[in-house]
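S.K.: Dropping the structure in here first, questions after.
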Amino acid sequence: MRFSWKNICLPISCINNTNQKKTTTTNPPKEKLLLLSRQTSVPSRVYMSDFSNSTISLNDFSNSFFINIHIFTYEELKTITQGFSKYNFLGEGGFGEVYKGFVDDSLKTGLKDQPVAVKALKREGGQGHREWLAEVIILGQLKHPHLVNLVGYCCEDDERLLVYEYMERGNLEDHLFQKYGGALPWLTRVKILLGAAKGLEFLHKQEKPVIYRDFKPSNILLSSDFSSKLSDFGLATDGSEEEDSNFTKSVMGTEGYAAPEYISAGNLTTMSDVFSFGVVLLEMLTARKAVEKYRAQRGRNLVEWARPMLKDPNKLERIIDPSLEGKYSVEGIRKAAALAYQCLSHNPKSRPTMTTVVKTLEPILDLKDIQNGPFVYIVPVAGVSEVHEIKCKDDVKVVKEETEKDAKVFPRHRAGRRNRRKHKAMRSRAVYSDTALYKSLGTSLYNPAN
């Protein structure tokens, strides 16, 4: 049976497309919506817990609380994504599919010309609506350089869509584990995590703290200069000023990132986000995922395997991402490892606040004890019988490595399956230097203020 959004009382006025055919019903009743209770004084922000049976118009709501949020029709979003074409498909998460589009002033007055990402939430089950609502309420009111910008939304009949700014470099997960474009240099990793930490700090410092609850690499989006922004606020929730009083019966999030006290007792606080941050920091150091089920039992859970080695300088080097090839600040690695150790404490009160995390990460960007010398990019070239070294303008060496013996040594008629496998071209491996990225992206790569 198909689930209908109309079965749910909506907290935000949902628009009806004026181009749709009129129904046979005459004088349809005006839609009443669940919204904020009317109060004698206007609150500084709308909270999920503030909704009651009182009603308020969309205009009153949006003008009072939303910041530069546009309301789109479904047809408008269908047009800008070329009918949600597979050629515009960016990816799919737990809450829906994402498509690329482009908006400008001709679509909506005052709309900035920009590429956008349109997320169409799945309609199966009631939880999807709550997630859509959380994103509209939180991102519609809170603006920060390290939170993804919500351009607008669509709430039309059964459709629930969100329109975000488009982030050119995708998410951290792809760069860290798939190594798109090569392994991320050390300083770039620090910059990304510092930006994400500033985003969490901003959420936690609200009058009523916002608990993100789903901090992980796939939710950290990257701009062209590797500035990071938090996205996907579907699981975010309002915290309490009394941290010890936050308990929930439903544990939500992603395996491997949730804090132990949240899993075992449902105790959800800002310190739960700090634990998740520690997991991602550990992933950044090791380039290993939080949970890798293909490994032996002892090494499947990254925190259990790596945390004991974070405070031992002799063991720490063993777990550092080998693709960094030693091109990192030794002091910076140790400081980051010590911070991860604190964030991953089983005692929530022993974890640092996100303000402390930010203050710890900022000086690491200025450490200069990084090994000199460029990274090496190995390019396999079939048929080359010797190794050539080429000096490039940006001091990045390019090496052509022999991958195939001369045909005279291995005649074709003797090249059986074994030999073909033996001389199969190597997969290329690219690691770009901080120096090269600095030249191409500018000083913003190292600017802690970003």
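The chain as shown is numbered from 1 upward.
From the backbone N, Cα and C atoms, a Cβ is placed for every residue, glycine too.
Relevant sequence annotations retrieved from Swiss-Prot are reproduced here:
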- T73: phosphothreonine (MOD_RES)
- 84-365: domain 'Protein kinase' (DOMAIN)
- L90, G91, E92, G93, G94, F95, G96, E97, V98, K119: ATP binding site (BINDING)
- Y164: phosphotyrosine (MOD_RES)
- D214: active site, proton acceptor (ACT_SITE)
- S218: phosphoserine (MOD_RES)
- T254: phosphothreonine (MOD_RES)
- Y262: phosphotyrosine (MOD_RES)
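Help me understand the surroundings of these features in the structure.
M.R.: DSSP classifies T73 (phosphothreonine) as coil under the three-state reduction.
G94 (ATP binding site) falls within neither a helix nor a strand when secondary structure is assigned with DSSP, and so counts as coil. Taking a C-beta cut-off of under 8 angstroms and a sequence separation of 6 or more, G94 (ATP binding site) has no same-chain neighbours.
Residues within less than 8 Å, Cβ to Cβ, of Y164 (phosphotyrosine) and separated from it by at least 6 positions along the same chain comprise V116, A117, V118, K119, V148, N149, L150, V151, S231.
According to DSSP, D214 (active site, proton acceptor) is assigned to coil rather than to any helix or strand.
On its own chain, T254 (phosphothreonine) has D214, K216, A290 as residues at least 6 apart in sequence with a Cβ closer than 8 Å to its own Cβ.
Taking the Cβ of Y262 (phosphotyrosine) as reference, residues of its chain lying under 8 Å away and at least six apart in sequence are, in sequence order, V251, G253, L268, S272.
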S.K.: By a simple count, how many Cβ atoms lie within 10 Å of the Cβ of D214 (active site, proton acceptor), its own Cβ left out?
M.R.: 22
S.K.: Counting across all protein chains present, how many other Cβ atoms fall within 10 Å of the Cβ of S218 (phosphoserine)?
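M.R.: Result for S218 (phosphoserine): 19 other Cβ atoms within 10 Å.
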S.K.: Determine the C-alpha span of the ATP site listed in the record, that is the greatest distance between any two of L90, G91, E92, G93, G94, F95, G96, E97, V98, K119, in Å to the nearest whole number.
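M.R.: Per the listed residues, the maximum Cα distance equals 14 Å.
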S.K.: Helix, strand or coil: which one is Y262 (phosphotyrosine) in, per DSSP?
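M.R.: Assignment for Y262 (phosphotyrosine) reads helix.
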S.K.: Around the ATP site (L90, G91, E92, G93, G94, F95, G96, E97, V98, K119), what further same-chain residues have their C-beta within 8 angstroms of the site's C-beta centre?
M.R.: A120
